[in-house]
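In what follows, a structure is listed as structure tokens, so that the remarks can point back to it.
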Amino acid sequence: MPTFLHHALLACGFLTRLVPARVATADDMAAAVRWFPLAGLVVGGACWLPFALGLAASHPAIQAWLYVLINLWVTRGLHWDGVADLADAWGSSATGERFWDILKDSRIGAFGVMGLLLGFGGQYIGAHEIFISGRLGVLIAAPIVGRGACVILAALVPPGSRSTLGRLTCAGADRIAIGVAATCGILVLLLTTPVMTTVTTIAICGAIVTALAHLARREGGINGDFMGACIAGCEGAVLLAASMG
């Protein structure tokens with residue numbers, strides 16, 4: 001199998017359940033980071049196709065709920081675990097080792113629940129408006145932009161001392177990966193939303209990445225939870241910005 005195809009399949013297998021997971025070395029995982037936008041395309045296509053075929057047509061509220069459900073199933077809820085963990089750690093106002101203890105705790109607390117409710121609510125509202133407007137292409141754009149933003153975040157902050165996934169992702173967030181992520185994100189937004197909406201979306205996603213990078217630097221680095229929160233947050237930003245544009 002060609003090396004590029006192995007890395008592409010590795011990215012899709014890691015970020016979705018639609019491609020079988022593969023055994024990989026640390027170098028392979030780092031090389032797969034360049035293919036994160038492709039994994040976003042796979043997720044977006046899987047979320048878009050049922051509705052393009054008419055699933056729950058004329059019932060946008062039901063479609064929006066199903067969209068959130070399909071997105072969760074396709075990704076195994078991987079990124080939302082990061083949302084909950086990071087919300088608990090940040091909401092506790094803890095710093096240093098205590099911050100990381102909470103972040104790594106598999107149990108969910110009150111702030112984690114609130115973070116999930118806000119995140120799911122934002123996705124649902126944005127998707128509902130998208131279904132009303134009929135601009136289904138945004139459903140494909142959102143996951144691509146989210147995973148591209150994750151690559152940029154990984155390039156901005158080094159991994160934390162207690163990070164495993166973060167270390168592998170940061171190692172692969174080189175100039176080529178950043179260029180691919182930014183180019184794919186901007187192009188797909190321009191293809192699916194008006195120019196001003198694209199500008200607004202980039203600004204919001206930039207603010208999310210900046211805020212997460214600031215928090216990560218304060219706490220000594222990033223891990224997979226930061227990246228998951230970045231993906232989920234930027235996906236929601238695309239949907240909400242497009243619904244208002």
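Along the chain as shown, the residues are counted starting at 1.
Note: Cβ is positioned from N, Cα and C throughout, glycine not excepted.
Swiss-Prot lists 35-55, 108-128, 137-157, 176-196, 197-217, 222-242 with the feature transmembrane segment.
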Distal contacts, the transmembrane segment (108-128) - CB-CB under 8 A, six or more residues away: 60-61, 63-65, 67-68, 71, 80, 83-88, 90-92, 102, 139, 232-233, 235-236, 238-240, 242-243
Residues from the same chain, set at least six apart from the ends of the transmembrane segment (137-157), whose C-beta lies under 8 A from its own: 15, 33, 36-37, 39-41, 43-45, 47-48, 51, 67, 71, 79, 127, 130, 166, 169-170, 172-174, 177-178, 180-182, 184-185, 188-189, 191-193, 201, 205, 208-209, 212-213, 216-217, 221-222, 226-227, 230-239, 242
Same-chain residues at least 6 beyond the ends of the transmembrane segment (197-217) whose Cβ lies under 8 Å from its Cβ atoms: 90, 145, 149, 152-153, 156-157, 160, 185-186, 189-190, 226, 229-230, 233-234, 237-238, 240-242, 244-245
Surrounding residues of the transmembrane segment (222-242) on its own chain - C-beta under 8 Å, 6+ positions past either end: 71, 78-83, 85-87, 89, 103, 119, 122-123, 125-127, 129-130, 135, 138, 141-143, 145-147, 149-150, 153-154, 157-160, 162-166, 169-170, 189, 192-193, 197, 200-201, 204-205, 208-209, 212-213, 215-216
